[in-house]
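Peer 1: Can you keep this structure in mind? I'll have questions shortly.
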Number of protein chains: 2
Amino acid sequence: MRVLGVDPGMALLGYGVVEGGEPLRALSFGVVSTPAHLPVERRLVVLHDELAQLLEHWQPDVVALEQLFFARNVTTALAVGQARGIVLLLCGQRTIPVVEYTPAQVKQAVGGYGRARKREMQEMVRLLLRLPVLPQPDDAADALALAVCYFQYSRAAQLERFT
Amino acid sequence: MRVLGVDPGMALLGYGVVEGGEPLRALSFGVVSTPAHLPVERRLVVLHDELAQLLEHWQPDVVALEQLFFARNVTTALAVGQARGIVLLLCGQRTIPVVEYTPAQVKQAVGGYGRARKREMQEMVRLLLRLPVLPQPDDAADALALAVCYFQYSRAAQLERFT
């Protein structure tokens, strides 16, 4: 089972590929960045093409996204929405299932409680994935957390089935 | 010169194709709707495929979009952003220039003043395009107004050049 976590954004899109098992393994993580001087439609083409290559290369079974209810403001929500639309389109075209988690769900599943701080989350992601250092940049760490979140929830669901 | 106006939305995406000349001509207008029961990634694929066909069929020189600064709320902005991302991606992939107008600019250019009401706008669009009835539904009328806006502004720019 392989999960691609994605933290969509126009300037930086974070991604993290996690393979299931004991322990979980981070196969790859990083960011796709788009040049600020390009018009938005060109930046979306860059995001689209890079993400298409990641999907092609890693063949994830599931894509995990943050369920964004709140953004700093409407302009941010619109920009994130545009990048998110590209991620969702690519999944829809390949019939890759998309799961969404609220920030609180990610913090609960990965950090152990709903109000874990960013640094604590990154440390937990590092421990769970046995990474030698904290995953960087933040966008990639967030994407890894989303992918880990998927496995934490499916593990919890399995445990429940046996109790 | 042919302009495609687009009013992006997830449930209904309005479009209107206007050909330049005296008078302007509405070649086609309508809406693309996506079934509410489908997951969002499938709905975006429907939008993508229908819009790709419209671009293929009508071969517009320019796509006109509303510059959305304000939305009812962040959730709406996110949903509109997702649909908008698809429109922008398709334009970027085909290197079709995108022009954006604020709602006030559209009202000014089409309705004659910045606070024209929706019904007045639709009546002006009808007159300018010599349509026998008011364009319907609203999303299609808004898309036609965006396309008309492009011609009104380029006409104004030409007049300025000669005075």
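Quick reminder: no glycine exception, Cβ is built from N, Cα and C everywhere.
Pulled the feature table from Swiss-Prot, pasting it below:
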ACT_SITE  A:ASP7  active site
ACT_SITE  A:GLU66  active site
ACT_SITE  A:ASP139  active site
BINDING   A:ASP7, A:ASP139  Mg(2+) 1 binding site
BINDING   A:GLU66  Mg(2+) 2 binding site
Peer 1: May I ask for the distance between A:GLU66 (active site) and A:ASP7 (active site), taken between their Cα atoms and rounded to an integer number of Å?
Peer 2: 7
Peer 1: Work out how many Å separate A:ASP7 (active site) and A:ASP139 (active site) at their Cα atoms, rounded off.
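Peer 2: Rounded to a whole number, the Cα-Cα distance is 6 Å.
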Peer 1: Across all chains shown, how many C-beta atoms besides its own are within 10 angstroms of the C-beta of A:ASP139 (active site)?
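Peer 2: Excluding its own Cβ, the number within 10 Å is 24.
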Peer 1: Using DSSP with the three-state reduction, classify A:ASP7 (active site) as helix, strand or coil.
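Peer 2: Looking at the DSSP assignment, A:ASP7 (active site) belongs to a strand.
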Peer 1: Sort A:GLU66 (active site) into helix, strand or coil using the DSSP assignment.
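Peer 2: The residue in question, A:GLU66 (active site), is strand (DSSP, three-state).
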Peer 1: Return the single residue from the active-site residues list (A:ASP7, A:GLU66) that has the minimum number of other CB atoms within 10 Å.
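Peer 2: Looking at the active-site residues A:ASP7, A:GLU66, the Cβ with the fewest others within 10 Å is that of A:GLU66.
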